[in-house]
């Protein structure tokens with residue numbers, strides 16, 4: 001148990017709580033402590049009955065069962081891997097900026113979910129984070145199942161197909177990829193590569209809550225210098241070549 005506790009405490013701060021919530025909330029629903037009917041995102045209940053917790057619980061809840069357990073575990077693994085890699089890589093020492101990315105993606109996904117009547121938001125949010133990681137490391141060669149190797153920029157689309165094969169929905173993965181692309185374009189591509197204005201800025205209250213720090217501990221390697229320069233140049237609207245990154249482990 002001590003080894004498990006040490007491993008859990010080694011997970012980056014924001015990823016740790018996201019990961020834990022994504023286990024606790026499905027477990028609560030599975031055990032019947034709270035009816036799963038109160039955990040889905042139902043537009044009528046959220047808008048007209050003021051059940052304002054639903055966008056949050058729908059982000060963490062997943063109906064785990066014989067037909068969905070493997071899909072749940074695979075996406076929980078993706079959450080742990082790619083959220084940790086972003087938090088300790090491109091966003092190392094900048095927890096407020098990482099939290100802002102999650103909040104921006106989450107709000108976009110909630111709005112889309114309400115419009116399209118999407119009841120579960122776990123997979124779209126995970127995919128949006130994975131998409132951002134893949135774009136920041138787009139030219140890295142990654143390994144997937146059965147030894148297949150390809151550039152990281154193709155990883156979100158490979159996983160889209162993979163999740164569909166094992167029982168997922170293309171819509172969930174597609175929405176996640178599109179939201180991740182929107183964040184990446186507005187935060188990095190448009191202001192840095194295309195010389196446009198900065199549309200997204202981390203609110204000051206997040207910096208007060210999660211101040212920047214130096215010397216963050218990373219379990220996935222040091223973020224590449226190109227990404228660190230991009231973060232430093234962001235406020236100045238500098239240009240950047242996103243063709244560098246760090247290698248995805250097996």
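Glycine residues also receive a Cβ, built from the backbone N, Cα and C atoms like all the rest.
Heads up, TrEMBL stuff is auto-annotated, nobody curated it.
What TrEMBL says about this protein:
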REGION    229-250  region 'Disordered'
TRANSMEM  17-40  transmembrane segment
TRANSMEM  60-80  transmembrane segment
TRANSMEM  101-134  transmembrane segment
TRANSMEM  154-186  transmembrane segment
Long-range environment of the transmembrane segment (101-134) - Cβ separation under 8 angstroms, sequence gap at least 6: 14, 18, 22, 40-43, 46-47, 55, 58-63, 75, 78-79, 82-83, 85-86, 89-91, 152-156, 159-160, 163, 168-169, 171-173, 175-177, 179-184, 187, 200
Intrachain residues whose Cβ lies under 8 Å of the transmembrane segment (154-186), provided they are six or more past its termini: 67-68, 70-71, 74-75, 78, 101, 104-105, 108-109, 112, 116, 118, 120, 123-132, 134-136, 142, 144-145, 148, 199-200
